[in-house]
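K.L.:
Here it is, the structure in full.
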Amino acid sequence: MSLGDDKPVGDGPGNGKGISMLLGLGRKGKYGRIDADLSNDGPRRGIESKRYIFACAIFASLNSVLLGYDVGVMSGCIIFIQKDLHITEVQQEVLVGCLSILSLVGSLAAGRTSDAIGRKWTIGLAAIIFQTGAAIMAFAPSFQVLILGRLLAGVGIGFGVMIAPVYIAEISPTVSRGSFTSFPEIFINLGILLGYISNYVFSGLSEHISWRIMLGIGILPSVFIGFALFVIPESPRWLVMQNRVEEARSVLMRINENDKEVEDRLREIEEAAGVVKGEKYVEKAVWLEFLRPSPTLRRMLITGIGIQCFQQITGIDATVYYSPTIFKNAGIESDSKLLAATVAVGMTKTAFILVAILLIDRVGRKPLLYVSTIGMTVCLFCLGLSLSLLGNDLVSPRVGILVAILAVCGNVAFFSVGIGPICWVLSSEIFPQRLRAQAVALGTVGNRLSSGLIAMSFLSMCRAITVAGTFFIFSAISAMSVIFINMHVPETKGKSLEQIEMLLDTGREWQQIEVELGDAEHLVQKD
């Protein structure tokens, strides 16, 4: 089967029928596999829709495990790679940071690719590219070959992290879009935790074998993505842009609770895509619009790219990648104890993302962002202060180590509660449908570039201004992110993507737009 070639699903092998039955997804129809008795409105259809979207969000998020696993596992792998391949400090920085830099290539390509072949097949393509890179890394005989595999893995990850939130946002209902779009961040955190655990479990093997097994295990999640492609539907919004309206209606029947909602949502999508009265969507020069943005689009780009960059320049990836280095600087010397401490960081990061999932559609995006960035600012300052006091022998080693571990865990906890997942949610919400995929790709480029630059310069910065000084800088940047959120980030809770697009298209100031968004939310809740 070629990418983007969605043939009608019959009863033959490989149509996902067995999976569909296990998930309660029905048997008939191209995407929906809709049982006849589910065509009527009612509580059962609502339950089935939620289960279906939940399954789709999980499968679409599997690529995010790959990014998280790589971030987590490399923090321990680098210890053994250094001993086995005898690499220098600069080579360590290049090895760690090049994945993020190269992932921006994948992110840029993913926007146009997903518009051409579809959202779900782009998810599959990301997995194939990553698998190839991971296999090369696992069998790399030298640093040069290891870098080659890492470059390929970076491109695959770039595809994956860009397309997952876009796909999930486009299939999710308004009332739970924030929670579902946060799923990729859950899986990133799960991947980080699995990477830390892998480091700890295989650290007892020989230096030549341990890091290869750690990296090779990263192939496994992408295997499940091939299976997922036979379960998840294509995005209804992408189908409408391809003038495949009936197929889009079939998908909407599965992800909405009643027929009226299906028709209303389809009409909104058609209007947003410019295909009313059967007129086929005509692609505009998207990148030309980015180069010469209208005032409204300029504000969208500032918000989308800005929040992506702030997510990374506060040093979260450096904290995760180099957590053993941070804890070693705090006074922990044993490799096994260093890796055990990183497992605690991974568990904290994963646990607190669940808090965000529960609150994002109840409390809203902006309040969680305030809590997150203010909390990170305090924790990063405390980490820098504790390391500074330790370096001057002003506190006991035991107290210094405890404060350092608590500060790192607090930082990743506040990150997971807010800016970690909400960065991706907002990016997939605020852009108009015709620009969404490539605009999110552009924001993801900013995210990955920021991550790569921080990761590739962290050790050099620590050597130049000490580890403590580096975290004081991260704390100051985090404080700046609070101001950015106040000035440039709107609240989007409770509105459909089409409502957000229409209101943002008016050209008014953010504060006035937020008032109207709030009014729209109250109307939705009242209905």
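Cβ from N, Cα, C; glycine included.
The domain 'Major facilitator superfamily (MFS) profile' annotation in TrEMBL covers 56-493. As annotated by TrEMBL, transmembrane segment applies to 52-82, 94-111, 123-141, 147-168, 180-197, 209-232, 338-360, 367-389, 401-427, 465-485.
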K.L.:
Among 94-111, 123-141, 209-232, which stretch has the highest count of C-beta pairs below 8 Å with the transmembrane segment (52-82)?
P.N.:
209-232
K.L.:
Averaging the per-residue pLDDT over the domain 'Major facilitator superfamily (MFS) profile' (56-493), what integer do you get?
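P.N.:
Per the prediction, mean pLDDT sits at 85 for the domain 'Major facilitator superfamily (MFS) profile' (56-493).
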K.L.:
Answer with yes or no whether the transmembrane segment (465-485) touches the transmembrane segment (123-141) by the criterion of at least three Cβ pairs under 8 A, sequence separation 6 or more.
P.N.:
no
K.L.:
Checking distant contacts: for the transmembrane segment (209-232), what same-chain residues at least six beyond its ends satisfy Cβ-Cβ under 8 A?
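P.N.:
For the transmembrane segment (209-232), the sequence-distant neighbours (Cβ-Cβ under 8 Å, at least 6 residues beyond its ends) are 14-16, 19-20, 23, 25, 55-56, 59-60, 62-63, 65-66, 69-70, 73, 76-77, 80-81, 84, 120-121, 123-124, 126-128, 130-131, 134-135, 137-140, 153, 191, 195, 198-199, 202-203.
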K.L.:
Same-chain Cβ contacts of the transmembrane segment (401-427) under 8 Å, 6 or more residues past its ends?
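P.N.:
The answer is 164-165, 169, 177-178, 181-182, 184-186, 188-189, 303-304, 307-308, 310-311, 314, 316, 319-320, 323, 326-327, 330-332, 341, 344-345, 348-353, 355-357, 359-360, 365, 368-376, 378-380, 382-383, 386-387, 390, 395, 439-440, 443-444, 447, 481, 489, 492.
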K.L.:
Hey, does the transmembrane segment (465-485) touch the transmembrane segment (338-360), meaning at least 3 C-beta pairs closer than 8 angstroms, sequence gap 6 or more?
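P.N.:
Checked: the transmembrane segment (338-360) vs the transmembrane segment (465-485), no contact.
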